[in-house]
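Structure, as structure tokens:
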Ligand code: GDP
């Protein structure tokens with residue numbers, strides 16, 4: 001199976017994260033341009049259309065101009081087959097980002113050079129650091145006045161707790177942006193803002209020792225560059241591939257996505273510094289991507305991507321072997337049931353298309369009749385196994401759901417259960433009660449709006465949400481515990497998840513401590529397992 005190896009070795013699968021407006025869409029478009037997926041960046045018909053076509057499928061996204069869901073794109077470049085996983089740019093959807101990162105082998109973090117690490121996005125970036133995968137930083141918009149470069153790097157190190165290693169270094173910014181200095185090659189790539197829509201921007205490269213450099217960038221920039229290089233070589237972390245692989249050191253690049261400057265250099269370095277898919281952990285040990293058995297796990301479920309079809313797509317990351325359309329696989333968490341994955345599709349550039357085959361590293365979306373849950377394993381292996389699960393994030397906001405039209409009970413239960421299966425919300429019941437008392441938990445408050453909106457628009461059910469003051473949730477670990485006998489603080493509420501597991505919610509951390517004190521032997525966990 002030399003072909004299988006060859007195909008998998010050329011795969012690179014990464015997630016791209018940023019604060020809204022930092023330039024993620026623009027950068028992605030330029031990547032696609034190099035891949036020849038589209039000829040001119042301009043031909044994606046302006047950003048607005050392109051975005052709506054690709055990822056902003058929900059009205060709420062358009063209204064608020066935020067991206068709520070993520071999508072996947074694939075393109076070829078320089079012998080590589082690259083999968084980009086887009087992530088929502090809003091912190092309220094950091095859970096979704098985390099799940100997407102579970103499917104990625106590395107991450108690219110886009111930062112606006114004039115803004116630095118933005119408050120709202122801190123959480124997203126932290127989630128990224130938690131995954132311990134290589135993180136690359138692209139500091140964008142250098143054609144606008146940017147913050148001091150040392151300050152920018154400092155901020156990333158302090159805010160995110162990850163060391164940085166600039167691979168190149170900017171010369172000026174804004175109107176005074178002259179280009180970037182490649183620290184390894186000791187050359188300056190001069191900035192030109194002439195070829196916005198094409199990939200053949202004229203690239204002028206000068207060695208740092210070249211006599212004409214001073215004239216090109218001006219004396220002030222020249223002096224500053226020499227000074228900064230010296231400082232940098234003495235102060236910054238040395239490049240260490242091992243630390244990059246573990247996600248402890250982030251290679252940093254500077255550029256301007258809009259004017260297509262520094263994008264290809266970034267892409268080239270990125271491809272050199274990353275690996276093809278690595279083995280993944282499962283309950284049966286590590287699974288080798290080159291294994292002939294096909295295996296994948298579900299990391300995202302998205303409903304009603306196309307309103308006309310009311311479809312539901314389960315996104316899977318292939319972890320080993322080759323997928324061929326129509327193949328029979330075992331759905332491990334579905335009681336080892338044999339199923340055929342129907343309508344396998346992939347996003348190529350901006351289109352969805354049915355695919356015939358895919359390899360480890362690729363993401364496929366398959367039609368889901370309602371059988372999949374996040375974290376499920378699918379495989380052709382004779383001996384079924386499960387990939388390591390995806391942890392459930394602890395919700396930080398809770399609300400009681402009141403359904404306004406009781407005649408629509410069935411639609412309501414169906415809608416809310418399906419949305420919960422997608423992982424956007426978590427639903428609970430008041431302890432000892434049935435589905436008549438539903439409490440929803442979300443990580444970000446915006447998810448309440450999405451829930452309300454979707455129930456109305458997709459299921460035709462109106463609800464009212466009554467916010468609860470609780471912010472802390474704990475899973476009860478003790479197997480043999482009498483929940484009725486538990487005594488806590490007055491704000492403590494006993495709830496259960498849909499599987500009947502008991503949980504507690506609290507208004508503050510102090511109550512958590514008090515409850516632990518009052519109930520000897522009680523064990524509480526901060527994370528749930530899927
Ligand atoms: P996203 O929300 O992170 O996907 O950001 P977009 O790619 O949509 O970019 C947000 C805005 O910034 C758009 O108006 C872009 O044209 C603009 N933009 C993106 N990259 C650059 C850049 O390098 N320089 C400048 N000046 N503007 C940029």
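Note that Cβ sites are derived from N, Cα and C of the backbone, with glycine treated the same way.
Residues annotated as domain 'Tr-type G' in TrEMBL: 9-278. Look at TrEMBL and you will find 18-25, 86-90, 140-143 tagged as GTP binding site.
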Next item on the list: Quick one: among the binding-site residues 18, 87, which has the most Cβ atoms sitting within 10 Å of its own Cβ?
Entry: 87
Next item on the list: Would you report the average pLDDT that the model assigns to the domain 'Tr-type G' (9-278)?
Entry: 82
Next item on the list: Return the single residue from the binding-site residues list (21, 24, 142) that has the minimum number of other CB atoms within 10 Å.
Entry: 21
Check: For ligand 1, which among the binding-site residues 18, 24, 87, 142 have a CB under 6 Å from it?
Finding: 18, 24
Check: How would DSSP class residue 18 (GTP binding site) in three states?
Finding: strand
Next item on the list: Based on DSSP, name the secondary structure state of residue 24 (GTP binding site): helix, strand or coil.
Entry: helix
